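What TrEMBL says about this protein:
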TRANSMEM  B:7-23  transmembrane segment
TRANSMEM  B:29-49  transmembrane segment
TRANSMEM  B:61-79  transmembrane segment
TRANSMEM  B:161-182  transmembrane segment
TRANSMEM  B:194-213  transmembrane segment
Amino acid sequence: MKSVEQAPEPLALLSINNVYLLIGFIVMFLVIKTLQDSAHPKRLSTALFWFLFGSVFMFGDVSITLVGEQITYLWVGVSVIVIALLAGMNMVSMGTYDVPDEQFKALDAKRFGNKLFIPAVIIPIVTVICTIILDDLHLGTLYFFDQSHVTLSALTLACTVALLISWRITKGSPLQALSESRRLVDSIGWAAILPQMLAMLGGVFIVANTGTAIQDLVTLFISPDNRFMLVALYCVGMALFTMIMGNAFAAFPVMTAGVALPFLIQGHGAAPAPLVAIGMYSGYCGTLMTPMAANFNIVPAALLDLKDKYQVIKVQIPTAITLLIINIFLMYGVVF
Amino acid sequence: MNEINFLPLSGIAVIVLGFAMRFNPLLVVTAAGLVTGFAVGIDFIALIATFGEKFMNSRQLASFLLILPVIAILERYGLQQRAKTWVASIKGATTSRILSIYFVVRECAAALGLINLAGQAQTVRPLLAPMAVGAAANQYGDLPQAVKDMIGAHAAACDNIAVFFGEDIFIAFGAVLLMDAFLKENGIAGIEPLHIGLWAIPTAIAALVVHLFRLARFEAKIRTEIARCQQQTKQASATDDSTTMFKEGSL
């Protein structure tokens, strides 16, 4: 029975705010673990970095209720700038971790075998099932999943289930899992926050009407009625911008706000989901062709002792260009 | 035509320059936001509040953090070692077969979110590249360095391409969440990350087909490359011989 909701936000058990709180708890737990890591080379600044990040999740919504949006947005904005400065001054680093040696892990791997893959595979399976079939599961007016963020609340449930299953398989408790995750979070480091920073920049671009300026620029060269040229411009633009910056995520808000959103979505009614998905992949074609994406293209050449440090890129170029062309035609074929 | 206002574009210049000059990306992005805001005349306090608001509204991007404890505990008990054992057990007489099998499994694993299961440092360098080179050596005897390099580069490319085009299918991957956040921020409702992930599948399949096709032809390329190198060494040794003869003659 699917009722038409009049209320904007129906109550949900796994509401997005609860998911944020959970993320906040995880990050704060890692902050405490970082502070306890006495051999950590950048202990205090790394802890501060993650504390500021975690606060936005832990205290953000409470703060809006208590002191209002304006003050909350201000302190979050200040935190963002401090986060960027800490990262920019290279004050966030890996700590020290208690990791069993390779042999020990190989022994465990033998003991558990392919069972180790079960929890990891459970996550997407449970998420997809919940999103497609159980999305409007509810008891009276209380929904189980957040109705406007079904996938993410389903993901939260899936991760919890996977954590319990790993507990059963490996005897490693969820608390131990949390402690272990500090190694992963630290190895991702500032890059963990980059997507959110880029989304924020995309938001600033909206306020500053940057998209409009790009639109004006685009109309100088291409007729906004030519659907195919617009699609080609979006895909090739994503690839070129990514090649310059070495990062498809950074190219995405610029090209999408400037070309995809005004001309293709608003102008020609293109379907947003395939448009952005294929657009991002066009950016990835650029990633395969640029030395700017050093950790994918240059570092492996060094690891393998290749004489020509661009050889990995050279091998990747034919696949990248073929896929870019396929993307253009695919996008043209499916979005309209 | 009216004049184009270039001021709102200043942030893009900051991004391009900042990334190109290898400053920390968080710093570059924040600076780009500040410059854009100043350029269009938003006052400082309002700009900071805009930062805060937009950052708050894109918190769903951090939900990948929920997955890390699961991956961490599995890695603690040997997930990567298990993957390594698997890679080492790939049966197949030829280089292109080894690379193809790796490619398929790596892309599927990435689509399920197992992005860090393997990698350039974890699997390509210690396992995949040596195995691929070894298979070719079994078939064709001693390999010239140029051929070894070419096979190594292909092994590294396999890993990159398979991960890139598999990972966007996984709904909790950063790229998917970024696209989702972008659409929501721009007032396009009713799109779930799942839709975006589904629309990543056609390109993922295309990547699989295109790259497997190239790998199928790779074996022939190895043979021609070996032949070319042998010819070169022959020519080189021939010239070596003649110079030594010449030297001996002049003595």
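For all residues, glycine too, the Cβ spot is worked out from N, Cα and C.
Panel annotation: around the transmembrane segment (B:194-213), residues 100, 103-104, 107, 111, 158, 161-162, 164-166, 168-171, 176, 179-180 of the same chain, lying at least six beyond its termini, place a Cβ under 8 Å from a Cβ of the stretch. Packing against the transmembrane segment (B:161-182) from elsewhere in the chain are residues 57-58, 60-61, 63-64, 66-67, 102-104, 106-113, 115, 191-194, 196-198, 200-201, 203-204, 207-208, 211: each is 6 or more residues past its ends and has a CB under 8 Å from a CB in it.
Through the fold, the transmembrane segment (B:61-79) approaches residues 113-114, 116-117, 172-174, 177-178, 181 of its own chain, all at least 6 residues removed from its boundaries and within a Cβ separation under 8 Å. Same-chain residues lying 6 or more positions outside the transmembrane segment (B:29-49) and placing a CB less than 8 Å from one of its CB atoms are 7-8, 10-12, 14-15, 18.
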